[in-house]
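First comes the structure, then the notes that go with it.
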Amino acid sequence: MPKEEKEFGGTPGAIGLMIFSHFVPFYFALSLRYSSGGLYCPSSFDEFIENFKETCSPTWSAFFLYTGFCFLQLIFAATLPGLVIKGLPVPTENNRQYTYNCNALSSWYVTLVLVAILHVTGLVRLTILADQFGSVLCVAVICSDILSIIIHFYALQTKQTCRMTHSPIYDFFMGVWLNPRIRILGQDVDLKMLAEVRLSWLLLFLLIVSAAVKQYEAFHTVTWPMTLILTAQLLYINACMKGEECIPTTWDIFYEKWGWMLIYWNLAGVPFVYAFQAYYILVNSLRTQKPTEGVSMTLIIVCFTVLFFAYYIWDSSQAQKNRFRMKQRGTYVPRNAFPQVPWNTLENPKYLKTECGSTLLIDGWWKYCRKPHYTADICMATCWALSCHQWPGLLPYFYPAFFTGMIIHRYTRDIARCKAKYGKDWTIYCKHVPYAFIPGLI
């Protein structure tokens, strides 16, 4: 077996990323509380500690709120009906094919109904997430770190490891367990897919809805910038849920191990960092008591236009590629989950047959560039940041900058893997599709 190549700069890079990943969400929480989303610069270390205690101390209510949400999603994953899909053969496990009960859409709808009932009855009001943002964040970080340690040592103890470098910190960061599963109520639940599809994006949506409800309760209106963020997240998260059956064959599930990097970012990083724009709008509208002042409707209209077009490309391009692959394997099952955008399934598409037996799609959106969904993703992320234009600042643009860097890094990983896998066929493919992100440019 070939030696596992180290990424992210090896052990030093892994340590740096773990420190940075803990710093960012807490810095954002403190920024929102004490600088209205601007740069937070405490005058002393004692002041920082005092602010941290006041804003981010874990509470029992935050603990039960976060763990209750996670446990509920675990129960839903084990019990609700869904489409059963087989994953790709796993080379490190004698080409075993795992099955996945893709019921995220059912979980999504049931969660929305349950949350609405809890809010309307007053049992658990949605605004509790906005009120306890820092505390729930702290609980999420602690839980993700503890879970990472448990998963790592359990995999080592039970010898469910693969592609280890035997650099302890780096292996902890990247993970050693490829297919972490737990059996609950007679059903195997894939923890990696649960965290990636549901825990991260569902919690993010609830955090943003909480901010929108908080704004409505304060001003009896939800502003256009907040509506833009809410719409963007609703489209994105609904797409993840309705297309879950395409995820078991993706790189994240098939190849990426479930280590600290994926656990932390899915359970804590994604929901609390990606929610920043909504809370930036909320805290500044509360600070100024003028939620609509300074809103550029021209920019809002442009952002909505770009958002919808980018979403269409993002959704349809991924549907084209994943359905093409599923048809090739004979596993394609038509679904009518809302919305089904036009041109999401290609009939008799053109493709290249490679010597290794795989096929490379050169039709649909994929004849124009190699990563159309990455470009669309970056456009949507930029719209999120521009929604904060009422109160100019730097931090709202962290997400699109961070996301673009992550996408470029992921692209370089993809290219290296494809060159190694396809050899001269990859060169031929690049002649057919010469551009990576934007046709005619790059």
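Including glycine, each Cβ sits where the backbone N, Cα and C put it.
Where the annotation comes from TrEMBL, it is an automatic prediction and has not been curated.
Predicted, not measured: the structure shown is a model, and the values here were computed from it.
Look at TrEMBL and you will find 12-30, 63-85, 106-128, 134-156, 199-216, 262-282, 294-314 tagged as transmembrane segment.
Beyond the transmembrane segment (294-314), the same-chain residues lying 6 or more positions past its ends with a Cβ under 8 Å from any Cβ of the stretch are 223-225, 228, 231-232, 235-236, 239, 341, 365, 372-373, 375-377, 379-380, 382-383, 386-387, 389-391.
Beyond the transmembrane segment (262-282), the same-chain residues lying 6 or more positions past its ends with a Cβ under 8 Å from any Cβ of the stretch are 18, 21, 24-25, 28-29, 32, 36-37, 70, 130, 133, 137, 140-141, 143-145, 147-148, 151, 175, 192, 195-196, 199-201, 203-204, 207-208, 211-212, 214-215, 223, 225-226, 229-230, 252, 256, 384-385, 387-388, 390-391, 393, 395-396, 398-399, 402.
When Cβ distances are compared across the two stretches, the transmembrane segment (12-30) makes no contact with the transmembrane segment (106-128), since fewer than 3 pairs at least 6 residues apart fall below 8 angstroms. The stretch with the most CB contacts under 8 Å to the transmembrane segment (134-156), chosen from 63-85, 106-128, 199-216, is 63-85. Sequence-remote contacts of a segment are chain residues at least 6 beyond its ends whose Cβ falls under 8 Å from one of its Cβ atoms, and for the transmembrane segment (199-216) they are 69-70, 73, 107-108, 111, 115, 119, 125-131, 133, 140, 222-223, 226-227, 229-230, 233-234, 236-237, 240-241, 265-267, 270-272, 274-275, 278-279, 281-282, 285-286, 291. Tertiary proximity for the transmembrane segment (63-85) is limited to same-chain residues at least six positions away from its ends with a CB under 8 Å from its CB atoms, namely 99-107, 110-111, 114, 124, 128-129, 132, 136, 139-140, 143, 182, 184-187, 189, 194, 198-199, 202-203, 206, 244-245, 248, 267, 331, 333, 335.
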